[in-house]
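K.L.:
As annotated by Swiss-Prot, (6S)-5-formyl-5,6,7,8-tetrahydrofolate binding site applies to Arg25, Glu82, Lys123, Lys474. Positions annotated as GTP binding site by Swiss-Prot: 229-234, 248-254, 273-276. Summarising the annotation, Swiss-Prot assigns K(+) binding site to Asn229, Ser248, Ile250, Thr253. Among the features that Swiss-Prot reports, Mg(2+) binding site is placed at Ser233, Thr254, with the record citing sequence analysis. The domain 'TrmE-type G' feature in Swiss-Prot is assigned to 219-386.
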Amino acid sequence: MKNNEIDTIAAISTPIGRGGIGIIRVSGKLVPEVAMKLFNKIPKPRTAEYLTCIDHNGSIMEKVITLFFPEPHSFTGENILEIHGHGGQMILDLLLDRILNISSRIRLANPGEFTERAFLNEKIDLIQAESIADIINATSYQAAKSACNSLQGHFSNQIRIILNKITNFRTYIESTLDFSDQEISDISYQHIYNTLQNIIDNTNQICKLTHSGVLLRDGIKVVIAGKPNAGKSSLFNSLINKDRAIISNISGTTRDILHEYIQLNGIAFHIIDTAGFKKNSTNEIELIGMQKSKYELSKADHILWVIDSTDYSHNNSYNNIINSLKKELSSNNIEAVFITIIRNKSDLSFEHNGIDTTNKYACITLSALLNHGIDLLKKHLYDSAMLQIHKNSNFSSVEENQGNFIARKRHLKILQKVFQYLLSAKTQLQYNMTVNDCFAEDLKKAHEELAQIFGKLTPDDLLEEIFRAFCIGK
């Protein structure tokens, strides 16, 4: 640990403001001294005690409940004292100030420093540390549940299995390289190939599960797009159930990107309203808006392509609609995301609201202005999200998910790199029909890359970025 981290740290762990209970947390070597100064005794370990807290003159400050966890059997691996008092901000500030003035070696904790100490003292790994923040910041029931699974080690255990396999495999390969002047036998070659293929298959599967974990954490990104005045903003307002976007008959009202989160049956959805795609526009602001819209489309998990149903006949418009959409999307992206065509303004075209799934892309007829067909669209969004998550995991509903974990884009990028290094090693093996230094180097890179998920070999600036994203007191 760093020199400044040998200090004893203290912070208010509950949110700022008034509440029924306020909690102060203290961690470090000087916790027993703090307890003696505040209570004239050291509380019983792992036992809730109702004690009187006194100031430096011996006057009563507060009646509190204390919890004392001696090192190393605590969250941080250090002595920890939790003080549970009344939730008024003034009394909490006074108690914290009293603690900080006991010794010059007691200071206010940095954001996330309690969790950082738990990581540095090997009480948790980096995945579990990140999952604590994900529990706090969860935007849906499913995200919170999956983050709890990650905290329990579900994700870490699966990564550790692959890491151990690579470690053992590297040990075997290094011993083989010691006899590099001899060709390996057919039996040895097949063993090496099968072992590598098994690791590749395991890594590929965990990549898929991790992608599902990223979707659960960040929410399904739903981008509403289309031509100006098709009713995109009306649809946006209907989905989020509030008047967030300006609605007008004037074409091109939306110039910037609007973001909102909603939750459908425990799954978070990131709903995005975009500027319309106007043909042959020379307006600089409109062009900037359309460029932003294209960027959001390139990052979408699900695209709602909105059309004015009065501009397209129901029977002959499908191919024209898809062609107009393809103009705004890269050829790669259009096959990688869910796309739903929204035939809006059914109140003006006098069409029946409903969903048509006979073509490649589902088509939903609705009236965003009158809120007709919105429930059908929400069900479609949820069903599509479950398909996206289900194709990478082993559950088909929120209730069935008992072992899925939450993940971050950082984890997915690392695993994708590991997968590529392993594929490179396989190519080397197939081409040379033996192991060599290049093969061993690919395995080494895969090993080192995967270790970064746990925080091993992870740059200090990345660790600092991860822990400083926590609130103070966590």
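Here the Cβ of each residue, glycine as well, is placed from N, Cα and C on the backbone.
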K.L.:
State the Cα to Cα distance, in Å, between Arg25 ((6S)-5-formyl-5,6,7,8-tetrahydrofolate binding site) and Ser233 (Mg(2+) binding site), rounded to an integer.
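P.N.:
On Cα coordinates alone, these residues lie 46 Å apart.
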K.L.:
Residues with Cβ closer than 8 Å to the Cβ of Glu82 ((6S)-5-formyl-5,6,7,8-tetrahydrofolate binding site), same chain and 6+ apart in sequence?
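P.N.:
In sequence order, Ser13, Ile23, Ile24, Arg25, Val26, Thr66, Leu67, Phe68, Phe69 meet the Cβ cut-off.
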K.L.:
Taking the residues Arg25, Glu82, Lys123, Lys474, which the record names as binding (6S)-5-formyl-5,6,7,8-tetrahydrofolate, find the longest CA to CA distance and state it in Å to the nearest whole number.
P.N.:
18
K.L.:
Find, among the binding-site residues listed as Arg25, Lys123, Lys232, Lys474, the one whose Cβ has the highest number of other Cβ atoms within 10 Å in the structure shown.
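P.N.:
Comparing the binding-site residues Arg25, Lys123, Lys232, Lys474, the most crowded Cβ belongs to Lys232.
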K.L.:
Restricting to the binding-site residues Lys123, Ser233, Lys474, which ones have a CA within 10 Å of the CA of Ala275 (GTP binding site)?
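P.N.:
So far as Cα distances go, the binding-site residues lying within 10 Å of Ala275 (GTP binding site) are Ser233.
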K.L.:
Give the residue from the binding-site residues Asn229, Ser233 that has the most other Cβ atoms within 10 Å of its Cβ, counting over every protein chain displayed.
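P.N.:
Answer by Cβ density within 10 Å: Ser233.
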K.L.:
At the level of the C-alpha atoms, what whole-angstrom distance separates Lys232 (GTP binding site) and Lys474 ((6S)-5-formyl-5,6,7,8-tetrahydrofolate binding site)?
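P.N.:
Taking the Cα atoms only, Lys232 (GTP binding site) lies 41 Å from Lys474 ((6S)-5-formyl-5,6,7,8-tetrahydrofolate binding site).
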K.L.:
For Asn229 (GTP binding site) and Lys474 ((6S)-5-formyl-5,6,7,8-tetrahydrofolate binding site), what Cα-Cα distance in Å is obtained after rounding to a whole number?
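P.N.:
The Cα atom of Asn229 (GTP binding site) is 47 Å away from the Cα atom of Lys474 ((6S)-5-formyl-5,6,7,8-tetrahydrofolate binding site).
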K.L.:
Roughly where does the domain 'TrmE-type G' (219-386) sit in mean pLDDT, to the nearest integer?
P.N.:
84
K.L.:
Using C-alpha atoms only, work out the spacing between Lys123 ((6S)-5-formyl-5,6,7,8-tetrahydrofolate binding site) and Ser233 (Mg(2+) binding site) and round it to an integer in Å.
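P.N.:
Counting only the Cα atoms, the answer is 48 Å.
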